[in-house]
Amino acid sequence: MNKQIVLFAMLLFALGVAAQEHLSALLPFPNHVEQRQGMFRLSDKETIGVGSGDLRFAAAELQQVFKQRFGFAPAVADNGRIRLMLNPRMEGEEQYRLTVDAKGISIEGRTAAGVYYGVMTLDQLLLGDVANTKQGRIQAVRIDDAPAYPFRALMLDPARHFLPVEAVKGYIDCMAHYKFNTLQLHLSDAQGWRIEIKSHPKLTEVGAFRNPKAPAISPDNGYYTQEQIRELVEYAALRNVEIIPEIDVPGHTAAILTAYPDLRCDFLKDSAFVFGKTDNVMLSAANPKVYEVLDDIIREVGDVFPSKKIHLGGDESAIGRNWAKSPENLELMRSHGYTSPDQLMNLFFGKVLASAKKYGLHAMLWCELDNIRLPADKYLFDYPQDVTLVTWRYGLTPKCIELTRESGNTLILAPGEYTYFDYPQYANDLPEFNNWGMPLTTLRKTYEFDPTYKLEPGQRKHIAGVMGTLWGEAIKDINRANYMTYPRGLALSEAGWTRMSLRSWDSFRERLYPNLLELMKRGVSFRVPFEIAGEGR
């Protein structure tokens, strides 16, 4: 941290950053800002008037904002010059209106989520306008704001390296401040199974401990109990963050197969593989027991997560090394008139998605095409129209947009070239981790991400939002997770919230620095973007 402070001080000096001005810390930038004349002058007798019990948490957050910025926390009362209100006439679930004038402050929203976001924006107004804030004044303004996209997500991967509950809570705190509303938790992979499933206890007894000789909670070992998941979900919901679980099948399943080897393909029954290192084994599509176990898993996961969404993976399945070599799977292929083992994905997910639907869950899958790079012409298999797809492979997002528009699937954008936050941020960043040649994803590259892909509105209306993914092979703790997320996560927050016509790299750069200083004060690790200090000056 000391090195980071020195680098950050050098960065501010290089930029010539002085006292911040009005609006200079708003991130993501609001979609409508009307600057006005005048000031609201605070007294230490202010109260926060709350018009609904649903706004208690937003009021408590506002008290903390005032405590940090002005040194006192106004009491919560029925009335006050500072008012939080629900307004049913407002349209969007996350829309808010923040008004500051000489008479006071009002924050309105149709829901508690909108009011919460208004509080976050007010905090950034105070952060940016240091001179007035120090004198107990707030510049008059009216902000009418709502997100460009309803789905704005980050993804954590505790399967590869376990992240304790309190660490995930801290991550949620930060992402919520920047108006991300979804956290996807990648809870299973070759390297670990991280959620308690009571009907199949070996999943955690065996699959959660990559190093059984040292069974204490560590990056290699650990899992979330169902009670811990409920606690985490409740914590996130207060901050308008929905947690979506991901159970990755039929590939990425070495942890499952270590716990329950009878779920492997038949030809692997006598073959050894190394738990935590082998990543090319798959569940057998021909084994009825596989679907019974997955049905139990989906049922229990659906009981614990109230989101009613579940991501079921579907990516990077080594079909040629598994089903194509398995007598029972080849026989299943022939019996259904299929000509390729790839087509067994239709049968596999037909059954798995039926389980999700039975328990009232909406399924998401990674979008896989018939090639991992261009040219690619079609889906790997026939995705049902009611499945939300997530595009991710480097360079294939335009094709996925085209195919989902034709098939009617909702699409989430997580293109590797813009939003893979496990990729290094600059040349020679973390060479000890980048040992498989990951490409660079710089801060500017992430900011240049345009979710519209310059398409007309009618051609992109099926795009629901954006997601930044942080795969965990090299992320051994939450400090590293934050370092890899920020500041690129701040760029992505603006891509998901702010209309393209209002976005500007130069403006973002200026608004970035007070927010980095705030992250440092909060103890959130980030990479200092020193290479952009001289731009535009």
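Here the Cβ of each residue, glycine as well, is placed from N, Cα and C on the backbone.
Marked as signal peptide by TrEMBL: 1-19.
In the domain 'Beta-hexosaminidase bacterial type N-terminal' (25-146), helix, strand and coil residues by DSSP number 40 helix, 42 strand, 40 coil. If you look up TrEMBL, you'll see 25-146 marked as domain 'Beta-hexosaminidase bacterial type N-terminal'.
According to TrEMBL, the feature domain 'Glycoside hydrolase family 20 catalytic' maps to 149-499.
Around the Cβ of Glu316 (active site, proton donor), a 10 Å sphere holds 14 further Cβ atoms from the protein chains shown. Sequence annotations record features per position, and here TrEMBL assigns active site, proton donor to Glu316.
Confidence annotation: the domain 'Glycoside hydrolase family 20 catalytic' (149-499) carries a mean pLDDT of 94 in the model.
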